[in-house]
Every structure is written in structure tokens, then in C-alpha cells.
Amino acid sequence: MLRLPTVFRQMRPVSRVLAPHLTRAYAKDVKFGADARALMLRGVDLLADAVAVTMGPKGRTVIIEQSWGSPKVTKDGVTVAKSIDLKDKYKNIGAKLVQDVANNTNEEAGDGTTTATVLARSIAKEGFEKISKGANPVEIRRGVMLAVDAVIAELKKQSKPVTTPEEIAQVATISANGDKEIGNIISDAMKKVGRKGVITVKDGKTLNDELEIIEGMKFDRGYISPYFINTSKGQKCEFQDAYVLLSEKKISSVQSIVPALEIANAHRKPLVIIAEDVDGEALSTLVLNRLKVGLQVVAVKAPGFGDNRKNQLKDMAIATGGAVFGEEGLTLNLEDVQPHDLGKVGEVIVTKDDAMLLEGKGDKAQIEKRIQEIIEQLDVTTSEYEKEKLNERLAKLSDGVAVLKVGGTSDVEVNEKKDRVTDALNATRAAAEEGIVLGGGCALLRCIPALDSLTPANEDQKIGIEIIKRTLKIPAMTIAKNAGVEGSLIVEKIMQSSSEVGYDAMVGDFVNMVGKGIIDPTKVVRTALLDAAGVASLLTTAEVVVTEIPKEEKDPGMGAMGGMGGGMGGGMF
């Protein structure tokens, strides 16, 4: 049996090089009270100042350096907010919290990020000021949230539903910083594909903006062989009233497709084969029969990869009323194909790059059921890539897709415009959901009287309500300031005017806001205020901030350099 001293002697110190998990992590820096809040507020101010310059029709652009490519020029609040990363850890914490406000508003409403940022700054700033004078931060937060609930209820009362394409165009124009062309093109797109239809934004190839409406199921796979071309008008293959054979597997054997060809021939209908691939004997036989006998057939590779391909093929089967061969869990063999296994479409157009199936003859109830399945998946998924793919599939099964192609003279111009188009698109969707209120910050100003009827439980809650009263004036003041006029005077004049009057910063005059088309989606204004108040009032309750102290890296190269210099010197003489 070992005695205690012997045990101690046998224990060896473990090298930290050999066991890096035993090394100490970064040391922490802790700041308390007013010092921590003051530093965080400077970060909030820096970010909010950078974002606020973009607000309103006379707002300026922000140029952001990028690690690759040319600098980005934008007027999009959330893009500016995301680009800011401060060196000082405490300032950065303040900036990041307001960045979260902009991100949340962008994800929920798709617009209003600049409004959310300036509101958050105002609430945080006023909150810090009152707390430093001895107010209770928890009660202030309660007062703030009480006031916000009252404002949201008042916004819902003010809200009017969007009914006409003109109103949709007005919402889009305001969100795109007064660009009427963008407003009109978005209104046209919504007219064509419906308010719930899918509208995508892409880079255009020309100087002008273009709108393309894609009806039916279009996917980016063309014919496998150019020998399938059957028309002299362009390099494409066109069929009317055709059968569709869908296969998840590769088709190489000619025996497997003969039954489908015989069915198509017996019914005197063309056949479209969509499979993982068609090659070898099967492809050469199809091409030979196409050229020699005039067989009406075209082979196309299935779109997508993995699960996405399976889902798209299943969508096609439901839309055309057919079945997918080679699908897991089903024992369907290509050799046993029956007429009811083939999909039916009114028209097919296949080019070298893409294929389009129009007027699918699928069961309407089955299509509707599939659409509902995709909508449910959309609600659950958090991945942006998944959402994009699900939206594409949804569009193909419903009213089709509108593609907005944004034109311009350079990449920088196109990217700046694309940001505005995306914002405008999100704003119109939000307007269709919850209706519209007065724009230019007026809707929030008109909610101030509703706060007078609130009864706070104590003096600190009353301070919270007063903070929101002053904060509601900030968006209108910022828009006026960016237009080069005194914000507080403008706000005072709006408050004294009748309820539908506001300030048009573009022309510098007081106008009937609805009549002039200066309107905002209710959802955007509501989300901006709710997100700003939630995060900023929580920020004011902070008493301690903990950050990491970065380790100072020693430069390993300097000693070697000195020695090298000495050696070189010796060699020279």
C-alpha cells in the first residue's frame, strides 16, 4: 500500500502543450452601472447614426467596404446595421443589440428596419438617462411595454385594408424611396400572380427593369439531345396535349421505355420523359426513332438534387395526374406502366436550358392538398435556402411566378436598386396582410393622444409611458432632418393639423397623406415599434456587462529577423 507522500511524489505535472484543454480561457472584463451603460449607448448611437441617414425620401446612401468585389452602395437600413462591427467590446455589445432589432424587424415584416433602429436608440437613450437619476429600470420597462400595447391597439384602429392596385403601387413606391417605376412594376406583378403568388427578384441583362410571368411548371433543365428539336422557330421542342413519364432513376435500357412509347403511340400523343438521366441504348433508340420515324418524344433530366429532386418530381406527378417510377416505397416498374400512370399536360416547351409544362391535368383537390403541405413546411423551416426552394415549388403549383429583372448600368447600381425592390416587395406583402396607415412617421404621431388615457401603477411606469410619447416623434423628426428642415417644428405643425395631414419631405409641404399616396404597411410600423421597445427597454435594465479581454499575441517572427539581419551583415563585409 502506498503512503501519502509517495502518492504525491508519483504525480507528475501535466504539460499544457500536451493537454491544451487545461489551458485557461480568455480573462473577462466586468463593468458596472453607469460606466457600462454609457459605453453601450455610444455603440447604439454609432449604429443608429449610420442607419438614420438613409431614412425618408431625401435620405442618403451608405457605402460599405466588402472583403471581395466593389464596395456596396445601399439605402437599406438592415444592410447598414449588419455591416457595423466595432473594435471596443462594450460599444459593440450596444451596437449588436440594436442590430438584432433591425434583423428581427426585417425577418418579420421585411421592411421598417431604419424606423426600428431610430426608435430603439431613442428608448435606450431616454431610459439610461432616467435610470441614472434613480428611476427603477424594471418599472420603466413595464411602463414602456404598457404604452407600446396601447399604440399597437391604436394603429389597428387607424389601419385600412389595401383594396386597389394603385394602393399597392403607392406602398411599393414609398418603400422604394419614391421610385414610381418600382412601385408600378410590383403592382403589375401582384395583379398577374395574385397577392400570395411568388415574386422573385433577379439581376437583369438590360438597362431597364423587366417583368416576366412564368405560368405552369418551369424548371432549369433542357433536352438531353438537340436531335429532339421539332420546330424551325428557335432551337426548341414543342408538343400539344402530351403524356409525361416521370422516373427517379436513370433510364439506360430500351426495354424499360418501350411500354410507355407504345401507350403514347396507341393514343397518338407525344411523350415527355423526365428522369434522373436517359443514356446509352435508351437514348440512342429514342433519337434514331425521332429522326427516322418522326417519333414524337423528348427526354429531359429531372431538376434539382437529392430530396429536392424527389419533391419536385412528386410535385410534377400531382400537377399532371401521373406517378413517379422508382419512388421509394412504391413497387412501380417502368415495364408495367399503364395509361393512368402517365401525367397529362396541355402544352410542353423544351429548350436547351429549360423546360415548361403548361396546363397540367392533375386533380385539383390533390394539388390543393400538396400546396397546403408545402405551406406547413414553410412555417416550420428556419433555413433560408429551404424557404427559397419551398417558395419556388409553391409558385409552380399555384398561380405561377413573377420574375422582376432589375436593370442598371453597373453591378453597384443594380445591387442598390435590388435592395430597394426587395424592401418594396416585402412592404406590399405586409400591406396586403394587415392593411395600411399614414406614412412619413405620421401614424405614430397620431397614436400619442391614446397614451393620455393610460393609468400607470407608479411614478416609474409613468416615466416609461412618457419615454414612448417622446419616442413616437422620432421617425417624423428624422425624415424632416434628412430633408434639411427642423424636425421638432415639423412635428409640432403635424400635431396641430387634422388627422390625415402630414409632411411630404420630397416636396417640403404639408399634404393629405393618403391622397398623396404616402402610406406605410401597418405590419411594418407595428413590428418596428414592438421589436425596438422589447430590446431597448431590456437594454436599460442592464446593470453589469461582461466581455472577454483578448489575449495579446506575441509576434514570433521578430527575433528570427534580428538574427537574420546580423548574419547578412556578416556576409557583406
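Backbone N, Cα and C atoms are what each Cβ position is placed from, and that goes for glycine too.
Here Swiss-Prot flags K75, D111, G112, T113, T114, T115, G440, D520 as ATP binding site, drawing on similarity to another entry. Annotation note: T114 (ATP binding site) sits in a helical segment as assigned by DSSP. The Cβ of T114 (ATP binding site) lies under 8 Å from the Cβ of V51, A52, T54, M55, G59, G77, each on the same chain and at least six residues away in sequence.
Residues annotated as SUMO2 cross-link in Swiss-Prot, with similarity to another entry given as evidence: K551. The DSSP secondary structure for K551 (SUMO2 cross-link) is coil.
S67 (phosphoserine) counts 4 other C-beta atoms within 10 Å of its own C-beta, drawing on all protein chains shown. Look at Swiss-Prot and you will find S67 (among others) tagged as phosphoserine, backed by similarity to another entry.
Residues annotated as N6-acetyllysine in Swiss-Prot, with similarity to another entry given as evidence: K75 (among others). Taking the Cβ of K75 (ATP binding site) as reference, residues of its chain lying under 8 Å away and at least six apart in sequence are, in sequence order, T54, G59, R60, T61, V62, N177, E416, D419, R420. When secondary structure is read from DSSP and collapsed to three states, K75 (ATP binding site) falls in the coil class.
The DSSP secondary structure for K125 (N6-acetyllysine) is helix. For K125 (N6-acetyllysine), the same-chain residues 6+ apart in sequence whose C-beta sits under 8 angstroms from its C-beta are L41, V44, D45. Here Swiss-Prot flags K125 (among others) as N6-acetyllysine, drawing on similarity to another entry.
In the three-state DSSP assignment, the secondary structure recorded for K130 (N6-acetyllysine) is helix. The C-beta environment of K130 (N6-acetyllysine), restricted to residues of the same chain at least 6 apart in sequence and closer than 8 Å, consists of I140, I463, I467. The annotation N6-acetyllysine is assigned in Swiss-Prot to K130 (among others) on the grounds of similarity to another entry.
Other C-beta atoms found within 10 angstroms of the C-beta of K133 (N6-malonyllysine) number 7, with every protein chain shown included. Annotation source Swiss-Prot lists N6-malonyllysine at K133, citing similarity to another entry.
Among the features that Swiss-Prot reports, N6-succinyllysine is placed at K133 (among others).
The N6-acetyllysine annotation in Swiss-Prot covers K218 (among others). In the three-state DSSP scheme, K218 (N6-acetyllysine) is classed as strand. Just so you know, the Cβ of K218 (N6-acetyllysine) picks up 19 other Cβ atoms within 10 Å once every protein chain is counted.
Cβ neighbours of K236 (N6-acetyllysine) (same chain, under 8 Å, six or more residues apart in sequence): I229, I349, V350, T351, K352. Feature annotation from Swiss-Prot assigns N6-acetyllysine to K236 (among others); the stated evidence is similarity to another entry.
Among the features that Swiss-Prot reports, N6-succinyllysine is placed at K352 (among others). Secondary structure at K352 (N6-succinyllysine), as computed by DSSP, is coil. Residue environment of K352 (N6-succinyllysine) contains 12 other Cβ atoms, counted within 10 Å of its Cβ in all protein chains.
Under DSSP, K396 (N6-succinyllysine) is assigned to a helix (H, G or I) in the three-state scheme. If you look up Swiss-Prot, you'll see K396 (among others) marked as N6-succinyllysine.
Per Swiss-Prot, N6-acetyllysine is recorded for K396 (among others). Cβ contacts within 10 Å of K396 (N6-succinyllysine), excluding its own Cβ and spanning all protein chains shown: 24.
Positions annotated as phosphoserine by Swiss-Prot, on the basis of similarity to another entry: S488 (among others). Around S488 (phosphoserine), taking its Cβ as the centre, 12 other Cβ atoms fall within 10 Å, counting all chains. DSSP assigns S488 (phosphoserine) to a helix in the three-state reduction.
The transit peptide annotation in Swiss-Prot covers 1-26 and is backed by similarity to another entry.
Among the residues K75, D111, G112, T113, T114, T115, G440, D520 said to bind ATP, no two Cα atoms are farther apart than 17 Å. G440 (ATP binding site) falls outside any helix or strand according to DSSP and counts as coil. For the recorded site, D520 (ATP binding site), the DSSP three-state label reads strand.
Counting every protein chain shown, the number of other Cβ atoms lying within 10 Å of the Cβ of T115 (ATP binding site) is 30. When the recorded positions S67, K133, K396, S488, K551 are ranked by how far their Cα is from the Cα of G440 (ATP binding site), S488 comes first.
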